[in-house]
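Below is one structure, written out as structure tokens; comments come after it.
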């Protein structure tokens, strides 16, 4: 695709790009001549052959300003065309842009339009791909005009004929062939490209479209409708490319009384899909490269072009000598195949292979597609000049904004700047001599270099660049050696360590680039992580350890109990060696301080022999004039900013992180930078002073371990005994044993931690490293000194869940050493971790790429979209483990509606207020505020991009987000980066299973009164271990709810769903305390219980048919398990295994369906009591630690909006459940509401039903088990519900599985993009098509355009209007008034019907491909399909997103590239109006569609 048309220069300031199907005329207009020979260069002279594929006459000279024969040399002959060789004297660079062409002997079908799915040509001609192929490859004839002979034979246009049939007609009606080709009576049938071209020429698109629309409206057959819709889409795409020549002319004609003149269209004609001329791309894009030894490496395209030319020339010769039809036909077919291979060689099974190596040649399509294609390799990712890379080492003495740049690198990178300075200062006379100075490494150059780099920032980048902090700017400092030096605090942002990592250096050259690097990218301006708003420059490892060591307390240290007048005295005393670093001392200090309550215990530091002193100190402490602290903390306070309170507690990593966040928000980045540098220095210094190192003796195994292990072995033996006697099933035994060991592991883990804590007064080096957060986790400490515990089995379990837990734990720890068997079991996890890492990194990277592509054009485009919508944030949701707190979700958002305190009924916040950190903190403490409606990206009404108010504050700065901020890209980075990080982190666990003791006792989190809803209970008697009888209330109704209510206000504090089978420990109306037991649950299985006393009857429970007896190999005990009988039984009489509960007289009380995998716990005919267990359904408990390996596929599943593999059946209405009859293998579940609206759901038998007969369900409640499909939520509860569901579910994976904090607004940005489209259901009177996916805003615009218009049903005596067309109501009214005056028949009309649509949830891949911009979509995936579709439609790309602009080489329309910033006018006349954005630019921005400067691309 080239842009130069004829000789006109390329327009550089274009604002949009249009793509269309190239007509033969446009190919010829771009061509500089016809390529006639297949030769490339002469083998003797190595000069291009004339008229060949490299011809200088066509493509331009190979040497600058020199013609082929050498008659004209030098630039003075510029533009002259040599009379001898015909070559234009010009720069050789034109060989990159000049095109040629090949005139084909017969028309050839373009493979893209024929092989695309659905086939464009097939859709227009209503032919299947098979049929088309037979015509195109010269197997059958197709009738183009039946003429007289055809009519006699009963042939119609488009009928296919074999060779025999064709020649039979030709011979039978010989005279007919003498008629003129245009004669309607002449019989014409052709094959190949000619036939297709002739058929396409005869197509009338308008009447085809009308006919297809008629079929859509009138046809009864669904299949016919679907086919018509498929064809109509292609027809309408072609029609869309036909723009009327001028809107004004059209308007003028519409109501004039003269007949309209015929329209002149400039659009894609269907026959353009068949080519008579093919373009030859410029030779520099398919070069011949000389290798040593006189051989040449050639681009594959040259081979492909050569085949086309050879076959074309041979065909021309054969036509000239009038060769037999058979030979001609074969040659034409070969030409078609050669052109197919040139355009797309990868689609065909028999692709053209290269001669020497057996690989397929790279065709034009292949050079666009994929990672190595033109888009991704050359346009989106370019190599950069002025860059270098080297290994990094730590630079502990650097300031935060500095980095160390090796001198040798610096002189190379800044060479042009240095040369200029050397010449200016007179060190060198010319550039050449300056270069020599540099090569000689003359001492003079170093001073010059120092001056040059002063104030010239450089950018450092570490691959993989997962988020924007992967590239930061620094002020370079020249260093000796060859390694870059990096500040230790920026390592977290780069995810760098110093084990051999390399980093790249880039130099911003222009003044603007340097400014942006200084202002926006300097490392000291990027202290906060954009993904969560938390600081990223946090001390780690040695620094944390140093600061932790510094602030620790040691009892009995030298100088403890001393009282100092001020902090300066403390420092002097320490320097003089009078007090130790960790001594507990008292200092007179009356400013604010941040301390824990344990400082009163410091009074012990004063000996008991001095009671007066003790008493006085205590009084002073209570009066807050004296402060109990340590020497180290005073030293730390010396580096603190003055306005921050004294930190009087031990600083571990978490406290340090919070402190840094506090400092940044209070004193700003400049002061914070100094503070961070000081903390770094102090940390390293103290880590050195402390001399911390760990030895073998520091890992202390707790004494109590043996006792706990003994106990656990006893318990597990007891469980095995119970299992042997048949009291437990295999599954229950497994789960119970796992629980026992999990408990012991946790206890031993705590014990070992406490042992370390007590050792040496908490100064055990291993403990300090763990406790400070410098290195290692509690889990690793457990493995070192406790016990390794249970290990996960890496392969999939029986139930298909990843990784079960091996029930024999590893009892040893790494300090004691493992036995051979234990070591072997351990290797499992370690190896799995390493293999996972390499596999999952690619997945996470691909997820990031899709996220970027879907969100790349979400930019902040306006200040306020004016919507009143928003989303609700409720307080009670925060109780779920790992969820973000209520006030954290509000921080940095704007309020949508007034916030009212439900207790005092006062307005706390007004609509439009920003919730700052302080306000969020107030809301957290104000219990009266339970529900806040905030503005959200999900409900933003901006036409393009989003508005600043809906987005809230920029997390990285804490201020309102600026116009032009590329929030979509930031969102994609924020979600993608942790995904990659987490997958890289799985193997640190070493496969040790953690977590997962199933919750068996549920306790109250609040104090209050209980209120039961829908809870039905029965009393059940059980016997405990001693044989004593116990009575329990057992819940026998699903979906029962227990509320904890504040008795004073009546407000519900907590709402909990009580599971079926729960053992209640409380009654309705009870007062409960915080922590009191509410109910117990069986964690490993769900029971099926008898509701009343009675007798049991088994129905359809037959041995070997619906259940099998599984005897355990070890115990021989038999379990009865319901099996999947549907797959085996084909007899009609089996319905479904169920247990009936009868009275003693045989009357039915209840019937319980028993699902597959359930274990029977009762006997046929036995008497049971209310609450007895009839059967148990085991839960698949595969409890394994937080490892995002399970999480990443879940995130992908949610972002791709895939339906889960085993979806739940969901109720669509509120109503009461009843069970219907059984059909085949399905059971009917009916839900009926108060308005007699009934829905029937068919549930496969054996799937566990969660509701009982008579239960009340709400719309959206699941009826069966399984995951709820997001599509169902969208259908039943609407877009808002599904948006919230997706955001919450993705957050769950990140927070609970991985402990990563991502702000909701990033997820909202992506989810918004997934719901941007609607699907047209009924097109009404618009030009839309049913089933079309279009943008919400476009859909609204289309409907608003036909408002106030009417559709003419009968035109009466009016002339210039069409029936069925739309016109403005006033115009028709005016026309009717005129007609009434003249007593003519009036126009009858009806109002225009708007289109209707439904919201669609698209996965991120399809959403990215559905983008408005074809350039962006083509560079993402399915390049050829996207380009084909766009070309047919004649699409225009307005270059609104980021990606399109990068591809065409313009500044991106975000950040400083926004139109409003680029058209600033700077003037100095009067300082007050020194700059003003032009008003026009502000309004129209980059997004206004401009009429001028369009570039056309032809396929």
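The backbone N, Cα and C atoms fix where each Cβ goes, glycine too.
If you draw a 10 Å sphere around the CB of residue 85 (Zn(2+) 1 binding site), it holds 16 other CB atoms from the protein chains shown. Look at Swiss-Prot and you will find 67, 69, 82, 85 tagged as Zn(2+) 1 binding site, backed by sequence analysis.
On its own chain, residue 499 (Mg(2+) binding site) has no residue at least 6 apart in sequence with a Cβ closer than 8 Å to its own Cβ. A coil conformation is recorded for residue 499 (Mg(2+) binding site) in the three-state DSSP classification, outside any helix or strand. As annotated by Swiss-Prot, Mg(2+) binding site applies to 497, 499, 501, with the evidence given as sequence analysis.
Around the Cβ of residue 947 (Zn(2+) 2 binding site), a 10 Å sphere holds 21 further Cβ atoms from the protein chains shown. Among the features that Swiss-Prot reports, Zn(2+) 2 binding site is placed at 865, 940, 947, 950, with the record citing sequence analysis.
What Swiss-Prot records for 1482-1493 is compositional bias 'Basic and acidic residues'.
Annotation comment: Swiss-Prot describes 1475-1499 as region 'Disordered'.
What surrounds the Zn(2+) 1 site, by Cβ distance within 8 Å of the Cβ centroid and not counting 67, 69, 82, 85, is the set 56, 68, 70, 71, 72, 83, 84, 86, 87 from the same chain. Note on the binding-site residues 67, 69: the fewest other CB atoms within 10 A surround the CB of 69. Highest Cβ count within 10 Å among the binding-site residues 497, 501: 501.
When the Cα atoms are compared, residue 69 (Zn(2+) 1 binding site) and residue 501 (Mg(2+) binding site) turn out to be 55 Å apart. Secondary structure from DSSP puts residue 950 (Zn(2+) 2 binding site) in a helix. Other Cβ atoms within 10 Å of the Cβ of residue 940 (Zn(2+) 2 binding site) number 24 in total over all chains.
Taking the C-alpha positions, the distance from residue 85 (Zn(2+) 1 binding site) to residue 940 (Zn(2+) 2 binding site) comes to 65 Å. Ranked by Cα separation from residue 950 (Zn(2+) 2 binding site), the binding-site residues 67, 82, 497, 501 are led by 497. Note on proximity: of the binding-site residues 497, 501, 865, 940, 947, the one nearest residue 67 (Zn(2+) 1 binding site) is 501, by Cα distance.
Proximity of residue 82 (Zn(2+) 1 binding site) to non-local residues of its own chain (separation of 6 or more, Cβ distance below 8 Å) is seen for 67, 68, 69, 71, 72, 88, 89, given in sequence order. Between residue 501 (Mg(2+) binding site) and residue 947 (Zn(2+) 2 binding site), the C-alpha separation comes to 40 Å. The two recorded residues residue 497 (Mg(2+) binding site) and residue 865 (Zn(2+) 2 binding site) have their Cα atoms spaced 45 Å from each other.
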